[in-house]
Amino acid sequence: MKRIRDDIYATGSQFKRPLGSSRGESYEQSPITGGGSIGEGGINTQKLTTDDALTYLKEVKEMFQDQRDKYDMFLEVMKDFKAQKTDTSGVISRVKELFKGHNNLIFGFNTFLPKGFEITLDDVEAPSKKTVEFEEAISFVNKIKTRFQHNELVYKSFLEILNMYRKDNKDITEVYNEVSTLFEDHSDLLEEFTRFLPDSLAPHTEAQLLRSQAQRYDDRGSGPPLVRRMFMEKDRRRERTVASRGDRDHSVDRSDLNDDKSMVKMHRDQRKRVDKDNRERRSRDLEDGEAEQDNLQHFSEKRKSSRRMEGFEAYSGPASHSEKNNLKSMYNQAFLFCEKVKERLCSQDDYQAFLKCLNMFSNGIIQRKDLQNLVSDVLGKFPDLMDEFNQFFERCESIDGFQHLAGVMSKKSLGSEENLSRSVKGEEKDREHKRDVEAAKEKERSKDKYMGKSIQELDLSDCERCTPSYRLLPPDYPIPSVRHRQKSGAAVLNDHWVSVTSGSEDYSFKHMRRNQYEESLFRCEDDRFELDMLLESVGSAAKSAEELLNIIIDKKISFEGSFRIEDHFTALNLRCIERLYGDHGLDVTDLIRKNPAAALPVILTRLKQKQDEWTKCREGFNVVWADVYAKNHYKSLDHRSFYFKQQDSKNLSAKALVSEVKDLKEKSQKEDDVVLSISAGYRQPIIPHLEYDYLDRAIHEDLFKLVQFSCEEICSTKEQTGKVLKLWANFLELMLDVAPRAKGSDSVEDVVETQHQRAFTSGEANESSDAISLVSRQLKFATNGDVHASSGVSKHGETGLLNRDSSGKENLKDGDLANKDVATCAEKPQKDQEIGNGAAKRSGDVDERVATSSSSFPSGVENNNGKVGSRDSSGSRGILSKPSEAIDKVDSIQHTQGVDIGRIIVLGNGLQSDTSKANSNYDESGGPSKIEKEEGELSPVGDSEDNFVVYEDRELKATAKTEHSVEAEGENDEDADDEDGDDASEAGEDASGTESIGDECSQDDNGVEEEGEHDEIDGKAESEGEAEGMESHLIEDKGLFPSSERVLLSVKPLSKHIAAAALVDEKKKDSRVFYGNDDFYVLFRLHRVSAIDSYDLLSHILYERILSAKTYCSGSEMKLRNTKDTCSPDPYARFMNALFSLLNGSAENSKFEDECRAIIGNQSYVLFTLEKLIYKLVKQLQAVVADDMDNKLLQLYEYENSRRPGRVFDSVYYENARILLHEENIYRLECSSSPSRLSIQLMDNIIEKPDAYAVSMEPTFTSYLQNEFLSNSSGKKELQDIVLQRNMRGYNGLDDLAVACKAMEGVQVINGLECKMSCSSYKISYVLDTEDFFHRKKKQKKSNNLSLAKLSQNRIARFHKFLSASR
């Protein structure tokens, strides 16, 4: 076919000149420019000029001067050809139609056409197409089979299309469209296929083909003009026909011949259908004509018989002219009357009854009288019709045979109705037949769309799904029939459910994507297979050659006669020899055929040489392949690590973690929870969204070592490292109730030294790391007989958690320290010292109190360079490790110093303080002196100090005891509570929303100015903020406070008002609650979370992954392996060693992954990203340390935990956290000790106004409220009501109550105004959206019926009455 296309291009290249370029050019050109030539070389050999073309156009214009539209259509044809909208055949057909009947114009147009395209009169009158020969169809099918021998699906699809057409399941248009799609890239086949189409479709398909070719050539920018290709169409057809007959393949099977018959059938299809329609139409017309003829014949017979019966003389000759005219007019009137009756009668049944009556009368069944009675029953509703019928009946009596006329009328009408019903039935039958045919065609079409397609190519995404692997085939999918299937097989075998494959890079391995290690194994297998096939092939060829050579040597074969080399060598043997000699392979095989005796010894030697060479090569490669298998076998089985690494970074992002808990919150938000929150007074139910158990506490030590080691690698400074480790040890592990590390335990530096031979250069690092959390984690104070697991942390500096250090080292002398503290805090004004006990002054109960806030240490505490200590009375500094030791220390000091000691205060963290110096801070007048505070210290007011954990004894004799126990502590606490005041038991006084945070003690130049700002803010908080009660956070949300004031209010309790339900909901003694933001939530999640995401993949985070490694290492399989190999170290220690090697950079990721696989197995894929996870965790710790808001949350946590266990309320803590975080996410993190569990809940951001709850009040405020503000009896004279005297005079003689009742008639009063009062400042403020309501209805106007004079008199009377009342 390529040669034919080349010939086309070659022959078409001579038509190059455009038409109409100048008048001087030859007559071969057309006056139409561009688009290619219509022809070259006319009938006459003379040169044609442009003048000839213009002359022809003028002649056409003159011919159609009265038909201007035809001339315009001719010009449009030429323009379409110029624009390549039509081809030469289209031009010729349209010109023939235009110039039909004008032969001179047709002959003139032939001069512009190429040779072979002339329009003849025979063509104009009767164009016919050459009959396609059967051999041409066979040749075309063989050509398709040869063309698509490598793609049998196209060939089979083509045969199936022809088969469907032969069965009348497809029409010719569908056949052509599908074949066009099939031969889209083979235009020559499609062009040849159009020759076999019927005449009605061939021109259209030919034009469509040429347009598609033109588009393709235009896109390519090259190729022969389309019209020039059409000029040689007939010649090419003749050449292809001759060539196809000569090259016809006789090996076509019988099925192909049957399919080829459909090609010839296409030419007869249209003619058969037309003939069939014509025959059906003629048969229907014939039936109608026969019915009419029967009626006429019946009428003539009846007429003759009636004449005989009446005695008239019958004659066969034609009647007279007047008689014929009378009968004709009578018949016409009768038919018109019947039509009128049919129109007037609405019912078809009545009309049929009328005709039956006439029919019975014509047959002689009834008489005239009976006919009139029956007709009157039918036409009785229409008197005019009945009268006309009677008149017509009377006129017809004189005419020969009225019965014949009635018979004709009834028969004609009945015949027409029968013909109508017959035609209707025929149409219905035709429609039913067409519907059946269309249904069969539709069924075949539905089957046809699946023919030629494998199941893998079907789109079954919308079909019913059984399992992830099986889909139900569509109901119209053709199920192949199965032979020899028994009943047992039919009961269990499946024909309708198919396995759907999805996703792969090729068709060889569809169900799972290969990883790189599998690719290596597959390549090894391919190499091994190829080499084995080479060895087997060369071995087989050598064996055959050796056998043939032995036969030749033994002279058991004769080369004369019928010796064939194929009898001794297989095709594979010969192919092996050809490949062995490369380009000379065919020559070698020819030598074997010509002279096997001389060629075989050389070939056999060569074969054995190659066999030995390839055998040695395989032995060498076996070593390489074994190494590849050993390295990649376990890796190839790990299909999860590839996807896990991709998803792990996304799953560990803060956005993904926050989104996960939000989704869980939305799912768990039920209507019951909403009702519970409403019934609890806007308190949210405690329903955790995430819960995690800590099964192995030993893992915490490993996590601490990993974090400490990573901080040395990641953090840039030692100070930053220290802050991160303090946050981990003093907050995170305390929240999780991790036991404190004892002094002398193995430090991280020792672990790293033993595992990696690395040592830290600083000698002090070991000591400081051992004592990182001694202060905070060893001290637990016992109250009321129970051990309270308080946080035991102090608040000082920026955050007490981060700046606390327990090294116990002393870098400054005590005197220097005291001097420095005094000098630092000496600049504070007097106003700053009076904040803590301002409320006590107002109540008149000035008591001796010492600020015991956990954010400030007693005198003798050093907060420089992270050193913290406590000074006892003897001047020595130390740290008490147990509460009992603190009590013993207090007792010993009391015994030694006696009366010199004022008070011993034991803080919530177990530290002792000497208050003798604190007492000295009071001046001689008994007034409060300056209270020393550290930078950022929290200073609760004096009236709420009873909520903190204190130990004090006002009477020295009560403290003179030799032993102190937990019971003694409880008694002392009770005494302290009794002596602190009557309001010690009141709940909620520790939660004032406007108590000041505390002022920073700074040595900067602007310290006094900042101090003044803080004092101003504190004063404003006392006077305004406390008056808001539970709504102080609402005031802040509305922006009534400046931003600086909000900062100072960040860690203060919200309100003194606490819900009654909150008194019952105390915090459990073995649990710790922390309210944090997104940073803390992500920190705890990275520490330990195992959640199931949407892909059912465990997202183990640090704790869970280390725990999984330890679990796998201690599994039964690992124990069995260790029993076999007694020399192998502990698998978990080996894993930790590999992890530390990865962290310090001495091992690569691939080595670490191989080590994990060797230790744990394929389940170790979750450990491959541990380095990134630890890095992310340390970065999160750094973010928490550096963020101001996170530090404030830590301060608030310490502040709340510094209270006594009975004084801590979760609702107050939550409201304080809300003030800090505003509209940010708030998380409730609760850790319990037994069992060790972490619960996380995302709280609702409630902005609604909470209800006010009943609370207990201070006695002083109660006395003021009841005795002064709301008192009805007072020494002052009450003001008289302002009443108009003229109104009072109208009710003379009535008492005050009656007057009030009389005056309030028709008045509506609603007292709804509310006000609230601050318990500290007694300031009153009104509640918004509340008011009092007073309304008096107007009197109705009197009737207007009264006269104007009467109204005037009434008005005058009222005026005189008013004057008399005023006197």
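Positions of Cβ are set from backbone N, Cα and C atoms, glycine also.
Of the candidates SER322, SER794, SER807, SER1023, Swiss-Prot marks one as phosphoserine, and that one is SER1023. For the domain 'PAH 2' (130-200), the number of residues in each DSSP class (helix H, G, I; strand E, B; coil) is 50 helix, 0 strand, 21 coil. Remark: secondary structure over the domain 'PAH 3' (327-396) totals 59 helix, 0 strand, 11 coil, with classes taken from DSSP. Across the domain 'PAH 3' (327-396), mean pLDDT in this model comes to 79. Applying DSSP to the domain 'PAH 1' (46-116) sorts its residues as follows: 48 helix, 0 strand, 23 coil.
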